[in-house]
Amino acid sequence: MVKSITANEQGQFSAEDYTVFTIMLGISTAIGVYFGFFQKKKNQTTEEYLLGGRKMKTFPIAISLIASQLSGVSIMSVPAEMYSYGAQYWIIAPTMIVITLIINYVFVPVFYNNQITNCYQYLEDRFSPAVKKFVTFTYVLNIYLILPIFIFIPALAFSQVSGVNIHLINGIVCGVCIFYTMLGGIKAVVWTDVVQGLIMFVSCFLVVFIGVAKIGGLQEVYERANAADRLDIFDMTLDTTTRQTFWTASVGNIFLWTGYLGLSQSCVQRIVAVPSMQHARAALWIFCAGFLVIMTLNCFTGIVIFAKYFDCDPIKVGLVQKADKLLPFFVQDVVGNLKGMPGVFISCVFSAGLSTMSANLNSLAGLIYEDYIRPFKLFKHTDASANSTMKLIILVSGVYCIAMGLIVEQFGHILQMVVTIASVTQGAVMGIFCLGMLWPWANKHGALWGTATSVIGMSWIIAGAQMAISNKELTYPPKPTSVDGCYEYGFNVTANDFPTLVAPQDEAEFSIYNISFVWYSTLGTFLVFLVGIPVSYFTGSQDMRNFRAKLICPLVQWLLPEEVRRNDFSLKAENEKSNVAPIKEWTFTANETEKYKERHGVIEQTL
(Lines of atoms letter the chains of each structure in order from A and count residues from 1; the text may use other names and numbers.)
(Lines give C-alpha, C1' and ligand atoms only; values in the text may rest on other atoms or scores of the structure.)
Protein backbone atom coordinates (compact mmCIF):
# COMPACT_ATOMS: atom_id res chain seq x y z
CA MET A 1 0.00 0.00 0.00
CA VAL A 2 2.44 2.68 1.15
CA LYS A 3 5.10 1.43 -1.23
CA SER A 4 2.69 1.87 -4.14
CA ILE A 5 1.99 5.46 -3.03
CA THR A 6 5.62 6.50 -3.19
CA ALA A 7 6.07 4.80 -6.56
CA ASN A 8 2.89 6.17 -8.11
CA GLU A 9 4.09 8.82 -10.51
CA GLN A 10 0.51 9.55 -11.47
CA GLY A 11 -0.02 10.89 -7.97
CA GLN A 12 1.86 14.05 -8.96
CA PHE A 13 0.17 16.93 -10.71
CA SER A 14 -0.35 16.33 -14.42
CA ALA A 15 -1.14 18.74 -17.25
CA GLU A 16 -4.84 17.98 -16.76
CA ASP A 17 -4.60 18.86 -13.06
CA TYR A 18 -2.93 22.18 -13.78
CA THR A 19 -5.62 22.88 -16.38
CA VAL A 20 -8.45 22.25 -13.92
CA PHE A 21 -6.77 24.42 -11.29
CA THR A 22 -6.12 27.22 -13.77
CA ILE A 23 -9.74 27.16 -14.94
CA MET A 24 -10.91 27.59 -11.33
CA LEU A 25 -8.66 30.63 -10.84
CA GLY A 26 -9.71 31.94 -14.25
CA ILE A 27 -13.41 31.79 -13.38
CA SER A 28 -12.82 33.68 -10.12
CA THR A 29 -10.83 36.33 -12.00
CA ALA A 30 -13.50 36.62 -14.71
CA ILE A 31 -16.22 37.24 -12.11
CA GLY A 32 -14.16 40.06 -10.63
CA VAL A 33 -13.61 41.57 -14.08
CA TYR A 34 -17.33 41.33 -14.86
CA PHE A 35 -18.52 43.11 -11.73
CA GLY A 36 -15.57 45.51 -11.75
CA PHE A 37 -15.87 46.72 -15.34
CA PHE A 38 -19.02 45.56 -17.11
CA GLN A 39 -21.27 46.46 -14.18
CA LYS A 40 -19.23 49.50 -13.23
CA LYS A 41 -22.20 51.89 -13.28
CA LYS A 42 -24.01 49.81 -10.70
CA ASN A 43 -20.94 49.58 -8.52
CA GLN A 44 -20.27 53.29 -8.05
CA THR A 45 -21.65 53.75 -4.54
CA THR A 46 -20.07 52.49 -1.37
CA GLU A 47 -23.32 50.71 -0.50
CA GLU A 48 -23.15 48.81 -3.80
CA TYR A 49 -19.50 47.93 -3.23
CA LEU A 50 -20.02 46.62 0.33
CA LEU A 51 -23.69 45.49 0.37
CA GLY A 52 -24.71 45.02 -3.26
CA GLY A 53 -27.36 47.71 -2.78
CA ARG A 54 -29.04 45.41 -0.20
CA LYS A 55 -30.68 43.59 -3.08
CA MET A 56 -28.66 40.38 -3.05
CA LYS A 57 -30.52 37.13 -3.60
CA THR A 58 -31.11 34.71 -0.75
CA PHE A 59 -29.60 31.55 -2.23
CA PRO A 60 -26.28 33.05 -3.39
CA ILE A 61 -25.84 34.69 0.02
CA ALA A 62 -26.48 31.32 1.72
CA ILE A 63 -23.96 29.53 -0.49
CA SER A 64 -21.47 32.35 0.08
CA LEU A 65 -21.82 31.89 3.85
CA ILE A 66 -21.24 28.14 3.50
CA ALA A 67 -18.17 28.59 1.31
CA SER A 68 -16.58 31.25 3.49
CA GLN A 69 -17.23 29.50 6.81
CA LEU A 70 -15.82 26.19 5.54
CA SER A 71 -12.35 27.53 4.93
CA GLY A 72 -9.28 25.69 3.72
CA VAL A 73 -8.58 25.11 7.40
CA SER A 74 -11.79 23.08 7.67
CA ILE A 75 -11.20 21.14 4.45
CA MET A 76 -7.65 20.17 5.49
CA SER A 77 -7.71 20.13 9.29
CA VAL A 78 -11.08 18.58 10.11
CA PRO A 79 -10.16 15.27 8.40
CA ALA A 80 -6.84 15.45 10.27
CA GLU A 81 -8.80 15.92 13.52
CA MET A 82 -10.92 12.85 12.74
CA TYR A 83 -7.84 10.79 11.87
CA SER A 84 -5.93 11.75 15.01
CA TYR A 85 -8.64 12.17 17.66
CA GLY A 86 -11.77 10.44 16.41
CA ALA A 87 -15.24 11.54 15.32
CA GLN A 88 -16.18 13.60 18.38
CA TYR A 89 -15.75 16.88 16.48
CA TRP A 90 -18.66 15.93 14.17
CA ILE A 91 -21.12 17.07 16.87
CA ILE A 92 -20.56 20.61 15.56
CA ALA A 93 -22.68 19.68 12.49
CA PRO A 94 -26.07 19.15 14.21
CA THR A 95 -25.16 21.85 16.75
CA MET A 96 -25.37 24.34 13.87
CA ILE A 97 -29.19 24.05 14.10
CA VAL A 98 -29.10 25.56 17.60
CA ILE A 99 -26.59 28.19 16.47
CA THR A 100 -28.82 29.22 13.56
CA LEU A 101 -31.82 29.52 15.88
CA ILE A 102 -29.86 31.82 18.20
CA ILE A 103 -28.64 34.03 15.36
CA ASN A 104 -32.04 34.21 13.66
CA TYR A 105 -34.05 35.12 16.76
CA VAL A 106 -31.54 37.04 18.90
CA PHE A 107 -29.16 38.92 16.59
CA VAL A 108 -30.87 39.26 13.19
CA PRO A 109 -33.99 41.10 14.49
CA VAL A 110 -31.84 43.65 16.32
CA PHE A 111 -29.65 44.29 13.27
CA TYR A 112 -32.63 44.75 10.97
CA ASN A 113 -34.73 46.80 13.41
CA ASN A 114 -31.81 49.20 13.81
CA GLN A 115 -30.80 49.17 10.13
CA ILE A 116 -27.31 48.01 11.12
CA THR A 117 -24.80 47.41 8.31
CA ASN A 118 -21.66 47.58 10.45
CA CYS A 119 -22.41 45.24 13.34
CA TYR A 120 -20.08 47.16 15.65
CA GLN A 121 -22.16 50.29 15.15
CA TYR A 122 -24.69 48.55 17.40
CA LEU A 123 -22.23 48.81 20.29
CA GLU A 124 -22.00 52.57 19.86
CA ASP A 125 -25.80 52.91 19.73
CA ARG A 126 -26.28 50.63 22.74
CA PHE A 127 -23.33 51.71 24.90
CA SER A 128 -20.81 54.31 23.72
CA PRO A 129 -18.27 55.10 20.97
CA ALA A 130 -15.47 53.91 23.28
CA VAL A 131 -16.97 50.42 23.50
CA LYS A 132 -17.34 50.27 19.72
CA LYS A 133 -13.74 51.40 19.13
CA PHE A 134 -12.34 48.86 21.56
CA VAL A 135 -14.27 45.90 20.13
CA THR A 136 -13.59 46.98 16.54
CA PHE A 137 -9.88 47.12 17.29
CA THR A 138 -9.92 43.61 18.75
CA TYR A 139 -11.77 42.33 15.66
CA VAL A 140 -9.34 43.91 13.22
CA LEU A 141 -6.37 42.60 15.20
CA ASN A 142 -7.87 39.12 15.32
CA ILE A 143 -8.57 39.04 11.57
CA TYR A 144 -5.03 40.12 10.73
CA LEU A 145 -3.68 37.35 12.95
CA ILE A 146 -5.88 34.61 11.51
CA LEU A 147 -6.32 35.60 7.85
CA PRO A 148 -2.87 34.46 6.64
CA ILE A 149 -3.66 30.95 7.88
CA PHE A 150 -6.80 30.66 5.75
CA ILE A 151 -4.97 31.11 2.47
CA PHE A 152 -1.70 29.40 3.47
CA ILE A 153 -3.38 26.03 4.11
CA PRO A 154 -4.42 25.59 0.44
CA ALA A 155 -0.86 26.44 -0.59
CA LEU A 156 0.27 23.68 1.78
CA ALA A 157 -1.97 21.19 -0.04
CA PHE A 158 -0.81 22.33 -3.48
CA SER A 159 2.84 21.99 -2.48
CA GLN A 160 2.18 18.47 -1.14
CA VAL A 161 0.80 17.15 -4.44
CA SER A 162 2.80 19.19 -6.95
CA GLY A 163 6.17 19.97 -5.41
CA VAL A 164 5.81 23.68 -6.29
CA ASN A 165 7.34 26.09 -3.75
CA ILE A 166 4.70 26.79 -1.14
CA HIS A 167 5.36 30.54 -0.96
CA LEU A 168 5.27 30.93 -4.73
CA ILE A 169 1.80 29.41 -5.06
CA ASN A 170 0.67 31.31 -1.96
CA GLY A 171 1.63 34.58 -3.64
CA ILE A 172 0.00 33.73 -6.98
CA VAL A 173 -3.35 32.69 -5.51
CA CYS A 174 -3.43 35.57 -3.02
CA GLY A 175 -2.89 37.86 -6.00
CA VAL A 176 -5.93 36.42 -7.77
CA CYS A 177 -8.05 36.83 -4.63
CA ILE A 178 -6.91 40.43 -4.15
CA PHE A 179 -7.68 41.18 -7.80
CA TYR A 180 -11.29 40.01 -7.93
CA THR A 181 -12.11 41.27 -4.42
CA MET A 182 -10.76 44.74 -5.24
CA LEU A 183 -12.56 44.99 -8.56
CA GLY A 184 -15.96 43.49 -7.92
CA GLY A 185 -16.75 44.20 -4.27
CA ILE A 186 -19.33 42.11 -2.43
CA LYS A 187 -21.02 40.92 -5.63
CA ALA A 188 -17.79 39.38 -6.91
CA VAL A 189 -17.15 37.84 -3.48
CA VAL A 190 -20.61 36.27 -3.32
CA TRP A 191 -20.69 34.91 -6.87
CA THR A 192 -17.17 33.51 -6.72
CA ASP A 193 -18.23 31.87 -3.45
CA VAL A 194 -21.14 30.21 -5.29
CA VAL A 195 -18.80 28.74 -7.91
CA GLN A 196 -16.22 27.77 -5.31
CA GLY A 197 -18.88 26.23 -3.04
CA LEU A 198 -20.02 23.97 -5.88
CA ILE A 199 -16.41 22.92 -6.52
CA MET A 200 -15.97 22.16 -2.82
CA PHE A 201 -19.00 19.89 -2.62
CA VAL A 202 -18.33 17.97 -5.85
CA SER A 203 -14.64 17.36 -5.15
CA CYS A 204 -15.17 16.32 -1.51
CA PHE A 205 -17.91 13.91 -2.55
CA LEU A 206 -15.86 12.36 -5.35
CA VAL A 207 -12.76 11.86 -3.18
CA VAL A 208 -14.80 10.19 -0.43
CA PHE A 209 -16.81 8.05 -2.85
CA ILE A 210 -13.72 6.75 -4.67
CA GLY A 211 -11.85 6.26 -1.38
CA VAL A 212 -14.66 4.15 0.12
CA ALA A 213 -14.84 2.06 -3.06
CA LYS A 214 -11.10 1.35 -2.99
CA ILE A 215 -11.17 0.37 0.69
CA GLY A 216 -13.95 -2.14 0.08
CA GLY A 217 -17.20 -0.38 0.96
CA LEU A 218 -18.84 1.38 3.90
CA GLN A 219 -18.93 -1.78 6.01
CA GLU A 220 -15.16 -2.17 5.82
CA VAL A 221 -14.64 1.52 6.67
CA TYR A 222 -16.93 1.18 9.67
CA GLU A 223 -15.26 -1.97 11.00
CA ARG A 224 -11.73 -0.57 10.75
CA ALA A 225 -12.64 2.77 12.33
CA ASN A 226 -14.75 1.21 15.06
CA ALA A 227 -12.02 -1.28 16.01
CA ALA A 228 -9.62 1.62 16.54
CA ASP A 229 -12.05 3.69 18.65
CA ARG A 230 -12.51 6.38 15.98
CA LEU A 231 -16.35 6.49 16.05
CA ASP A 232 -17.06 7.49 19.65
CA ILE A 233 -19.08 10.71 19.39
CA PHE A 234 -20.75 10.59 22.81
CA ASP A 235 -17.88 10.96 25.25
CA MET A 236 -19.92 12.44 28.10
CA THR A 237 -17.03 13.09 30.49
CA LEU A 238 -17.26 16.42 32.31
CA ASP A 239 -13.49 16.87 32.47
CA THR A 240 -12.83 20.31 30.94
CA THR A 241 -9.19 19.42 30.23
CA THR A 242 -10.13 16.70 27.73
CA ARG A 243 -9.48 17.93 24.18
CA GLN A 244 -12.82 16.89 22.66
CA THR A 245 -15.92 15.60 24.44
CA PHE A 246 -19.61 15.78 23.65
CA TRP A 247 -19.82 18.94 25.78
CA THR A 248 -16.85 20.73 24.23
CA ALA A 249 -18.01 19.86 20.70
CA SER A 250 -21.57 21.05 21.39
CA VAL A 251 -21.69 23.70 24.13
CA GLY A 252 -18.17 24.99 23.50
CA ASN A 253 -18.75 25.29 19.76
CA ILE A 254 -22.11 27.02 20.24
CA PHE A 255 -20.29 29.96 21.83
CA LEU A 256 -17.44 29.84 19.32
CA TRP A 257 -19.51 29.51 16.13
CA THR A 258 -22.38 31.78 17.18
CA GLY A 259 -19.93 34.62 17.61
CA TYR A 260 -17.98 33.69 14.49
CA LEU A 261 -21.03 33.41 12.22
CA GLY A 262 -23.47 35.85 13.75
CA LEU A 263 -21.24 38.62 15.06
CA SER A 264 -18.29 38.95 12.68
CA GLN A 265 -18.54 41.79 10.20
CA SER A 266 -17.78 39.58 7.18
CA CYS A 267 -20.88 37.48 7.91
CA VAL A 268 -23.19 40.25 9.13
CA GLN A 269 -22.35 42.26 6.02
CA ARG A 270 -23.81 39.50 3.86
CA ILE A 271 -26.72 38.75 6.17
CA VAL A 272 -27.95 42.36 5.88
CA ALA A 273 -27.26 42.50 2.11
CA VAL A 274 -30.62 40.83 1.35
CA PRO A 275 -33.84 42.89 1.14
CA SER A 276 -35.54 41.88 4.40
CA MET A 277 -35.27 40.00 7.67
CA GLN A 278 -37.27 37.12 6.20
CA HIS A 279 -34.73 36.77 3.40
CA ALA A 280 -31.89 36.84 5.94
CA ARG A 281 -33.47 34.10 8.05
CA ALA A 282 -34.10 31.96 4.97
CA ALA A 283 -30.48 32.40 3.88
CA LEU A 284 -29.27 31.29 7.30
CA TRP A 285 -31.44 28.16 7.28
CA ILE A 286 -30.14 27.24 3.82
CA PHE A 287 -26.64 27.83 5.16
CA CYS A 288 -27.40 25.55 8.12
CA ALA A 289 -28.53 22.68 5.88
CA GLY A 290 -25.54 23.08 3.57
CA PHE A 291 -23.10 23.33 6.48
CA LEU A 292 -24.48 20.14 8.03
CA VAL A 293 -24.01 18.22 4.76
CA ILE A 294 -20.54 19.56 3.94
CA MET A 295 -19.22 19.26 7.50
CA THR A 296 -20.52 15.69 7.77
CA LEU A 297 -18.84 14.84 4.48
CA ASN A 298 -15.65 16.54 5.63
CA CYS A 299 -15.61 14.64 8.92
CA PHE A 300 -16.34 11.34 7.20
CA THR A 301 -13.34 12.00 4.93
CA GLY A 302 -11.09 11.78 7.99
CA ILE A 303 -12.62 8.44 8.99
CA VAL A 304 -12.11 7.12 5.47
CA ILE A 305 -8.46 8.24 5.53
CA PHE A 306 -7.95 6.36 8.79
CA ALA A 307 -9.61 3.24 7.36
CA LYS A 308 -7.25 3.41 4.36
CA TYR A 309 -4.11 3.54 6.52
CA PHE A 310 -5.39 1.67 9.57
CA ASP A 311 -2.40 -0.72 9.67
CA CYS A 312 0.36 1.63 8.46
CA ASP A 313 0.37 5.25 9.60
CA PRO A 314 1.96 7.48 6.90
CA ILE A 315 3.03 9.97 9.58
CA LYS A 316 5.01 7.42 11.57
CA VAL A 317 6.87 6.11 8.52
CA GLY A 318 7.76 9.63 7.41
CA LEU A 319 5.69 9.91 4.24
CA VAL A 320 3.68 12.80 5.72
CA GLN A 321 5.21 15.40 8.03
CA LYS A 322 2.04 16.17 10.01
CA ALA A 323 -1.65 15.32 10.11
CA ASP A 324 -2.70 18.47 8.25
CA LYS A 325 -1.01 17.09 5.12
CA LEU A 326 -2.83 13.75 5.22
CA LEU A 327 -5.71 14.74 2.95
CA PRO A 328 -3.65 15.74 -0.13
CA PHE A 329 -1.53 12.61 0.46
CA PHE A 330 -4.70 10.50 0.49
CA VAL A 331 -5.89 12.19 -2.71
CA GLN A 332 -2.61 11.34 -4.42
CA ASP A 333 -3.10 7.74 -3.41
CA VAL A 334 -6.75 7.05 -4.24
CA VAL A 335 -7.39 9.31 -7.25
CA GLY A 336 -3.89 10.10 -8.46
CA ASN A 337 -4.34 7.76 -11.42
CA LEU A 338 -7.46 9.65 -12.58
CA LYS A 339 -6.44 12.52 -14.81
CA GLY A 340 -7.61 15.84 -13.41
CA MET A 341 -8.93 14.56 -10.06
CA PRO A 342 -6.02 15.86 -7.94
CA GLY A 343 -6.59 19.18 -9.70
CA VAL A 344 -10.27 19.11 -8.74
CA PHE A 345 -9.36 18.43 -5.11
CA ILE A 346 -6.77 21.21 -4.94
CA SER A 347 -9.32 23.51 -6.53
CA CYS A 348 -11.67 22.53 -3.69
CA VAL A 349 -9.15 23.46 -1.00
CA PHE A 350 -8.25 26.71 -2.72
CA SER A 351 -11.92 27.54 -3.27
CA ALA A 352 -12.50 27.25 0.48
CA GLY A 353 -9.48 29.42 1.25
CA LEU A 354 -10.28 32.04 -1.38
CA SER A 355 -13.91 32.40 -0.29
CA THR A 356 -12.92 32.97 3.34
CA MET A 357 -10.14 35.38 2.45
CA SER A 358 -12.18 37.44 -0.02
CA ALA A 359 -15.13 37.82 2.38
CA ASN A 360 -12.86 38.99 5.19
CA LEU A 361 -10.88 41.35 2.97
CA ASN A 362 -14.06 43.00 1.70
CA SER A 363 -15.55 43.53 5.18
CA LEU A 364 -12.18 44.53 6.65
CA ALA A 365 -11.73 47.24 4.03
CA GLY A 366 -15.12 48.77 4.81
CA LEU A 367 -14.54 48.60 8.55
CA ILE A 368 -11.07 50.18 8.47
CA TYR A 369 -12.23 52.95 6.14
CA GLU A 370 -15.31 53.87 8.16
CA ASP A 371 -13.67 53.63 11.59
CA TYR A 372 -10.02 54.57 11.09
CA ILE A 373 -9.71 56.66 7.92
CA ARG A 374 -12.90 58.62 7.29
CA PRO A 375 -13.08 60.22 10.79
CA PHE A 376 -9.70 61.94 10.23
CA LYS A 377 -11.01 63.74 7.09
CA LEU A 378 -7.73 63.36 5.22
CA PHE A 379 -9.60 63.95 1.96
CA LYS A 380 -13.09 64.79 0.80
CA HIS A 381 -15.34 61.80 1.19
CA THR A 382 -17.07 60.66 -1.99
CA ASP A 383 -18.14 57.22 -3.13
CA ALA A 384 -15.27 57.20 -5.61
CA SER A 385 -12.63 58.14 -3.03
CA ALA A 386 -14.08 55.67 -0.51
CA ASN A 387 -14.03 52.81 -3.02
CA SER A 388 -10.47 53.63 -4.09
CA THR A 389 -9.31 53.74 -0.48
CA MET A 390 -10.96 50.39 0.32
CA LYS A 391 -9.32 48.81 -2.72
CA LEU A 392 -5.95 50.04 -1.48
CA ILE A 393 -6.66 48.53 1.95
CA ILE A 394 -7.47 45.18 0.29
CA LEU A 395 -4.22 45.31 -1.67
CA VAL A 396 -2.07 46.07 1.39
CA SER A 397 -3.86 43.42 3.48
CA GLY A 398 -3.34 40.81 0.75
CA VAL A 399 0.39 41.55 0.54
CA TYR A 400 0.57 41.22 4.32
CA CYS A 401 -1.07 37.75 4.11
CA ILE A 402 1.52 36.63 1.57
CA ALA A 403 4.40 37.78 3.78
CA MET A 404 2.94 36.16 6.90
CA GLY A 405 3.04 32.78 5.17
CA LEU A 406 6.67 32.54 6.32
CA ILE A 407 5.47 32.48 9.94
CA VAL A 408 2.36 30.32 9.44
CA GLU A 409 4.59 27.62 7.96
CA GLN A 410 6.04 27.04 11.43
CA PHE A 411 2.66 26.29 13.08
CA GLY A 412 1.79 22.85 14.42
CA HIS A 413 -1.82 21.62 14.47
CA ILE A 414 -3.67 24.19 12.34
CA LEU A 415 -7.24 23.69 13.62
CA GLN A 416 -6.14 24.07 17.22
CA MET A 417 -4.10 27.16 16.34
CA VAL A 418 -7.02 28.84 14.51
CA VAL A 419 -9.47 28.22 17.34
CA THR A 420 -6.92 29.43 19.90
CA ILE A 421 -6.18 32.69 18.06
CA ALA A 422 -9.87 33.38 17.42
CA SER A 423 -10.75 32.74 21.05
CA VAL A 424 -8.62 35.62 22.35
CA THR A 425 -11.40 38.00 21.29
CA GLN A 426 -14.28 35.77 20.17
CA GLY A 427 -15.63 35.24 23.68
CA ALA A 428 -15.44 38.97 24.43
CA VAL A 429 -17.36 39.80 21.23
CA MET A 430 -20.00 37.18 21.95
CA GLY A 431 -20.31 38.40 25.53
CA ILE A 432 -20.62 42.12 24.76
CA PHE A 433 -23.35 41.65 22.16
CA CYS A 434 -25.31 39.26 24.37
CA LEU A 435 -24.91 41.64 27.32
CA GLY A 436 -26.28 44.48 25.22
CA MET A 437 -29.17 42.58 23.64
CA LEU A 438 -30.25 40.39 26.57
CA TRP A 439 -29.54 42.49 29.68
CA PRO A 440 -31.27 45.91 29.46
CA TRP A 441 -29.67 47.24 32.65
CA ALA A 442 -26.09 46.91 31.38
CA ASN A 443 -24.41 50.28 30.87
CA LYS A 444 -21.32 51.49 29.03
CA HIS A 445 -19.06 51.08 32.05
CA GLY A 446 -20.03 47.46 32.55
CA ALA A 447 -19.69 46.79 28.82
CA LEU A 448 -16.20 48.30 28.57
CA TRP A 449 -14.82 46.72 31.73
CA GLY A 450 -16.41 43.36 30.96
CA THR A 451 -14.97 43.27 27.45
CA ALA A 452 -11.52 44.42 28.55
CA THR A 453 -11.46 41.84 31.35
CA SER A 454 -12.42 39.09 28.92
CA VAL A 455 -9.74 39.98 26.37
CA ILE A 456 -7.01 40.42 29.00
CA GLY A 457 -8.08 37.32 30.93
CA MET A 458 -8.22 35.10 27.86
CA SER A 459 -4.91 36.44 26.59
CA TRP A 460 -3.37 35.50 29.93
CA ILE A 461 -4.89 32.00 29.94
CA ILE A 462 -4.00 31.30 26.30
CA ALA A 463 -0.44 32.58 26.75
CA GLY A 464 -0.05 30.32 29.78
CA ALA A 465 -1.45 27.36 27.85
CA GLN A 466 0.94 27.96 24.95
CA MET A 467 3.87 28.06 27.38
CA ALA A 468 2.67 24.81 28.92
CA ILE A 469 2.45 23.25 25.45
CA SER A 470 5.97 24.42 24.53
CA ASN A 471 7.28 22.97 27.84
CA LYS A 472 5.47 19.65 27.19
CA GLU A 473 3.40 20.21 30.34
CA LEU A 474 0.22 20.26 28.25
CA THR A 475 -0.25 17.80 25.42
CA TYR A 476 -3.14 16.28 23.49
CA PRO A 477 -1.87 12.83 22.52
CA PRO A 478 -3.68 11.46 19.45
CA LYS A 479 -5.45 8.13 19.49
CA PRO A 480 -3.16 5.18 18.72
CA THR A 481 -2.28 4.32 15.12
CA SER A 482 -0.72 1.12 13.86
CA VAL A 483 2.41 0.24 11.86
CA ASP A 484 1.82 -3.51 12.02
CA GLY A 485 1.20 -3.76 8.29
CA CYS A 486 4.03 -1.52 7.15
CA TYR A 487 6.45 -4.38 6.56
CA GLU A 488 4.26 -5.55 3.70
CA TYR A 489 4.97 -2.29 1.89
CA GLY A 490 8.72 -2.11 2.31
CA PHE A 491 9.02 -0.36 5.69
CA ASN A 492 11.01 -2.07 8.44
CA VAL A 493 9.33 -0.47 11.47
CA THR A 494 7.62 -1.76 14.61
CA ALA A 495 5.42 -0.22 17.28
CA ASN A 496 8.44 -0.16 19.63
CA ASP A 497 10.04 2.46 17.40
CA PHE A 498 7.34 4.95 18.37
CA PRO A 499 6.90 5.64 22.10
CA THR A 500 3.32 6.18 23.21
CA LEU A 501 2.55 9.77 24.15
CA VAL A 502 0.58 10.24 27.36
CA ALA A 503 -0.96 13.50 28.56
CA PRO A 504 0.54 14.73 31.85
CA GLN A 505 -1.75 13.88 34.73
CA ASP A 506 -1.91 15.90 37.93
CA GLU A 507 -5.05 14.94 39.80
CA ALA A 508 -4.01 16.88 42.91
CA GLU A 509 -4.12 20.31 41.30
CA PHE A 510 -6.32 21.87 38.63
CA SER A 511 -4.78 24.46 36.35
CA ILE A 512 -6.84 26.91 34.27
CA TYR A 513 -4.15 26.63 31.59
CA ASN A 514 -5.05 22.98 31.02
CA ILE A 515 -8.66 23.47 29.93
CA SER A 516 -9.44 22.42 26.38
CA PHE A 517 -8.95 25.18 23.80
CA VAL A 518 -12.57 24.65 22.66
CA TRP A 519 -13.77 26.16 25.96
CA TYR A 520 -11.90 29.44 25.48
CA SER A 521 -14.78 31.27 23.78
CA THR A 522 -17.26 30.06 26.39
CA LEU A 523 -15.04 31.23 29.23
CA GLY A 524 -14.45 34.58 27.51
CA THR A 525 -18.20 35.12 27.12
CA PHE A 526 -18.93 34.43 30.78
CA LEU A 527 -16.14 36.77 31.88
CA VAL A 528 -17.99 39.64 30.18
CA PHE A 529 -21.15 38.87 32.17
CA LEU A 530 -19.33 38.19 35.44
CA VAL A 531 -17.70 41.63 35.31
CA GLY A 532 -20.15 43.62 33.18
CA ILE A 533 -23.29 43.07 35.27
CA PRO A 534 -21.80 43.99 38.70
CA VAL A 535 -19.92 47.01 37.27
CA SER A 536 -23.14 48.21 35.62
CA TYR A 537 -24.94 47.87 38.94
CA PHE A 538 -22.33 49.75 41.00
CA THR A 539 -21.94 52.55 38.45
CA GLY A 540 -25.67 53.07 38.07
CA SER A 541 -27.65 50.79 35.78
CA GLN A 542 -28.75 51.88 32.32
CA ASP A 543 -31.00 54.94 32.44
CA MET A 544 -34.32 53.75 31.04
CA ARG A 545 -35.70 57.23 30.40
CA ASN A 546 -33.79 57.63 27.15
CA PHE A 547 -33.56 53.96 26.31
CA ARG A 548 -34.45 52.60 22.86
CA ALA A 549 -36.40 49.36 23.15
CA LYS A 550 -35.38 48.14 19.70
CA LEU A 551 -31.77 47.82 20.88
CA ILE A 552 -32.89 44.84 22.94
CA CYS A 553 -33.68 41.42 21.48
CA PRO A 554 -37.47 41.13 20.96
CA LEU A 555 -37.46 37.90 23.00
CA VAL A 556 -36.58 39.82 26.20
CA GLN A 557 -38.27 43.17 25.58
CA TRP A 558 -40.89 42.15 28.14
CA LEU A 559 -38.23 42.94 30.76
CA LEU A 560 -38.44 46.62 29.85
CA PRO A 561 -40.89 49.02 31.52
CA GLU A 562 -44.09 49.43 29.53
CA GLU A 563 -43.47 53.13 28.91
CA VAL A 564 -40.07 52.32 27.37
CA ARG A 565 -41.59 49.75 25.03
CA ARG A 566 -44.08 52.40 23.87
CA ASN A 567 -41.44 55.07 23.32
CA ASP A 568 -40.55 54.05 19.76
CA PHE A 569 -42.36 55.29 16.69
CA SER A 570 -43.92 52.86 14.23
CA LEU A 571 -44.49 53.82 10.65
CA LYS A 572 -45.90 51.63 7.94
CA ALA A 573 -44.31 51.47 4.56
CA GLU A 574 -46.12 53.87 2.27
CA ASN A 575 -45.49 52.12 -1.00
CA GLU A 576 -46.80 48.59 -0.60
CA LYS A 577 -46.61 48.00 -4.35
CA SER A 578 -42.93 48.84 -4.65
CA ASN A 579 -40.68 46.46 -6.52
CA VAL A 580 -38.53 46.28 -3.40
CA ALA A 581 -39.67 43.63 -0.94
CA PRO A 582 -42.15 45.43 1.35
CA ILE A 583 -41.12 46.14 4.92
CA LYS A 584 -44.22 46.03 7.04
CA GLU A 585 -42.97 48.14 9.91
CA TRP A 586 -40.08 50.45 10.57
CA THR A 587 -39.20 51.41 14.11
CA PHE A 588 -37.80 54.84 14.91
CA THR A 589 -36.74 56.52 18.10
CA ALA A 590 -37.59 60.15 18.77
CA ASN A 591 -34.19 61.51 17.72
CA GLU A 592 -34.37 59.63 14.40
CA THR A 593 -37.84 60.82 13.43
CA GLU A 594 -36.71 64.28 12.34
CA LYS A 595 -34.28 62.75 9.86
CA TYR A 596 -37.07 60.57 8.49
CA LYS A 597 -39.41 63.55 8.11
CA GLU A 598 -36.78 65.54 6.25
CA ARG A 599 -36.36 62.76 3.70
CA HIS A 600 -39.97 61.69 3.30
CA GLY A 601 -42.15 64.52 4.57
CA VAL A 602 -43.95 62.23 6.95
CA ILE A 603 -46.16 63.83 9.61
CA GLU A 604 -45.09 62.88 13.09
CA GLN A 605 -47.34 60.36 14.77
CA THR A 606 -47.04 59.24 18.33
CA LEU A 607 -48.33 55.95 19.62
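Cβ atoms are placed via backbone N, Cα and C, with glycine included.
The transmembrane segment feature in TrEMBL is assigned to 18-38, 59-78, 90-113, 134-158, 164-183, 195-216, 245-263, 284-307, 344-369, 390-408, 414-439, 446-469 (among others).
Among the listed stretches 18-38, 59-78, 90-113, 284-307, 344-369, the one sharing the most Cβ pairs under 8 Å with the transmembrane segment (245-263) is 90-113. Of the candidate ranges 18-38, 90-113, 344-369, 446-469, 90-113 contributes the most Cβ pairs within a distance under 8 Å of the transmembrane segment (284-307). The listed stretches are 18-38, 134-158, 164-183, 344-369, 446-469; of these, 344-369 has the most Cβ pairs under 8 Å to the transmembrane segment (59-78). Beyond the ends of the transmembrane segment (195-216), by six or more residues, the same chain brings 24, 27-28, 31, 63-64, 66-67, 70, 75, 224, 290, 293-294, 297-298, 300-301, 304-305, 307-308, 330-331, 334-335, 338, 341, 344-345, 347-348, 351-352, 354-355 to within a C-beta distance below 8 angstroms of the stretch. The transmembrane segment (390-408) shares more Cβ pairs under 8 Å with 164-183 than with any other stretch in the list 134-158, 164-183, 344-369, 446-469. Per-stretch counts of Cβ pairs under 8 Å to the transmembrane segment (164-183) identify 18-38 as the leading one among 18-38, 134-158, 344-369, 446-469. Count of Cβ pairs under 8 Å against the transmembrane segment (134-158): among 18-38, 344-369, 446-469, the largest is for 344-369. Beyond the ends of the transmembrane segment (446-469), by six or more residues, the same chain brings 123, 126-128, 130-131, 134-135, 138, 420, 423-425, 427-428, 431-432, 435-436, 475, 511-515, 517, 520, 523-525, 527-537, 539 to within a C-beta distance below 8 angstroms of the stretch.
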